[in-house]
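Chemist: Mind looking over this structure? Questions follow.
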C-alpha cells in the first residue's frame, strides 16, 4: 500500500481519501442551507429579494419548505466526497513531496502545496458548483418571476421555457442540456473564476491551518487534539473564506445561467468585475461574506477533525 508521512503518522492514500470524503459529507449536510443563502444573496442585483442570511432562510422555508433549503444538496453530497478527498490528500502529498525532511516548516513550500491542492480539486469543484448554483438560485428566480408577473402580467423575466421548468430544475436535466448544447465546456463554465478563487483560498488556508494546528501539538502524542484541530480548521477556513469572497461573488455570477428581469449577464471575469463595480459599488464584492465564513469554518473544522481522528484508518483495518 502506498503511504506518505504526515507529522508523525503514516497515513495511506486510501485512508486520506476516505477521511476527506466522510468529512465532506458531514460538513455539507450541516451547513448547506447557509450556502444556499450565500448563493442567493450573491446573485441579487438591483432590488433585493432578501435582506440578509436570516431573512433568506426564513423566506425560503416559508415558500419552499424545509427541503427547499437543501436544493442542490444531492449534487454536493455526491461530488463533495471526491472533491474534499482530492483537496486534502493532494495537499498532504505535495507537502510531503516538497518538504522531504519533514521537520522544518517552510511557508513557501506550504503555500505551493496549497496551490497544487487548489488546482487538483477544481476538476470536481467547477462542474459540482455549476450544477449546484442553478438549483440553489431557482427559488430566488421564481420569486423574481412572480414579482415581475404581478407588476407586468405579460412580461417574461428570464429566458424561454415554462415556469415550472425554472421552479423545479434537476441536476440531470441541466447537465444533459449543457452537454447537448455546449459540450463538456458547458459544465466547466467559470473554470477560470473557480481557479482564481480556489487557488488563493488553498494558499491561505493550508499554511494557516498547519501553523495554527502546530501550536496545539502535544509533546507526548506528537499530534494536536481533535478540539484543537477543529478550532484551527474553523479559524483558518473563516479567514480564507472571507479573504476570497470577492472572487467567489464573481464566480457565482458567471456560473449562474438564468437571470431575473434586468439582471446582467457576463462574458468573463473582467467584464463581471467591471459591471459589479460600476453598477453595484465595491460593497457588492463582499456579498455573502458572513455566510461564507459560517459555511467554510465548520466545513473545514469538521474536515480536519475527522482527518486527524483517522476514521479512514479504522475503516481500512476492518477489511484487513
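Keep in mind that glycine also has a Cβ here, set from the backbone N, Cα and C atoms.
Pulled these features from Swiss-Prot for this protein:
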TRANSMEM  17-37  transmembrane segment
TRANSMEM  66-86  transmembrane segment
REPEAT    105-215  repeat 'Solcar 2'
TRANSMEM  110-128  transmembrane segment
MOD_RES   150  phosphoserine
TRANSMEM  190-210  transmembrane segment
REPEAT    224-313  repeat 'Solcar 3'
TRANSMEM  230-250  transmembrane segment
TRANSMEM  293-313  transmembrane segment
Chemist: Suppose I define contact as three or more CB-CB distances under 8 A, residues 6 or more apart in sequence; do the transmembrane segment (17-37) and the transmembrane segment (293-313) meet it?
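Modeler: Yes, the transmembrane segment (17-37) and the transmembrane segment (293-313) are in contact.
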Chemist: Which numbers of helix, strand and coil residues does DSSP report for the repeat 'Solcar 2' (105-215)?
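Modeler: Secondary-structure breakdown of the repeat 'Solcar 2' (105-215): 90 helix, 0 strand, 21 coil.
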